[in-house]
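Shown next, in structure tokens, is the structure this report addresses.
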Ligand code: CUA
């Protein structure tokens, strides 16, 4: 009995679909999902993986099948049959990818929106001034919308409040943050367009409204370290500790060059830019230690610019915070105790030079 080709197509289609769906959910390529936002990103990634596996299997399957089925047989020296175009087929294989790509882009914009990428307060309506209308390309800029126009034309200084500056001032009210960020060295730029390569705010999910206030942490990126300050308690650390289940709001900037705050387990990444406040919010939902990685090439030691995010229970977090408070007071007291009076450098260094076997006279000569 000969099975008709339509049945074969149907069977192969079912097997391919099942295989793609299974692999899309079981690829095991992503690390643990440790934040509420991660679920959204994983959903998008898994969908794209499902589609990709389907296309991969179809393309490779047809290729391998054809290589065997239509290979040159012994004694066959003819040309292949001349195959002309097939309009319906070409329409079909143009339309299918177009639909897939549009579907994925709508889905990814939706995820971006869910995690706060299009936060309305971040969008800056840049006025298009008259002179820009006469510039070549102005019509294009106009069509492309205000976001692009803002980058193409010189907007005159406006009286509108600079949200970016306001946010920066807010963060600088914490003295620990001000000490870490080289105060008033880099003026805050005008508000950035909200839709672009970098959205100033990421992760403020609308469904978080009405929940306990988020924990604010000010983060400063510098070559080659991350420094965290907690405005609630005024402590400064090199490691980010956050309690589980509470939204964390990271206000970041950079002192020198662009860095990027990236925690793969949270599935979120945000640039830390000199002269601009950026924000990222997430709700950690799994206890553990995660690597915080700088994801922007920022210099020769970029690869070493890592830190740790410790997600812990509220009690452990409170305990850690207490320890930090005690430690910061102790360092302060020690610093005061070490140099009680105005010692000269020689007197101050005496205990150390003795330890190292250096004669005070030599040290004195070095000084002069
Ligand atoms: Cu900082 Cu790479």
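Residue numbering: from 1, along the chain as shown.
Each residue, glycine too, has its Cβ placed from N, Cα and C.
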Query: TrEMBL lists transmembrane segment for one of the ranges 7-24, 25-42; which is that range?
result: 7-24
Field: Where TrEMBL places transmembrane segment among the ranges 44-68, 119-143
entry: 44-68
- prompt: TrEMBL lists region 'Disordered' for one of the ranges 82-105, 154-177; which is that range?
  reply: 154-177
Task: Using DSSP, break the domain 'Cytochrome oxidase subunit II transmembrane region profile' (21-119) down into helix, strand and coil residues and give each count.
output: 65 helix, 1 strand, 33 coil
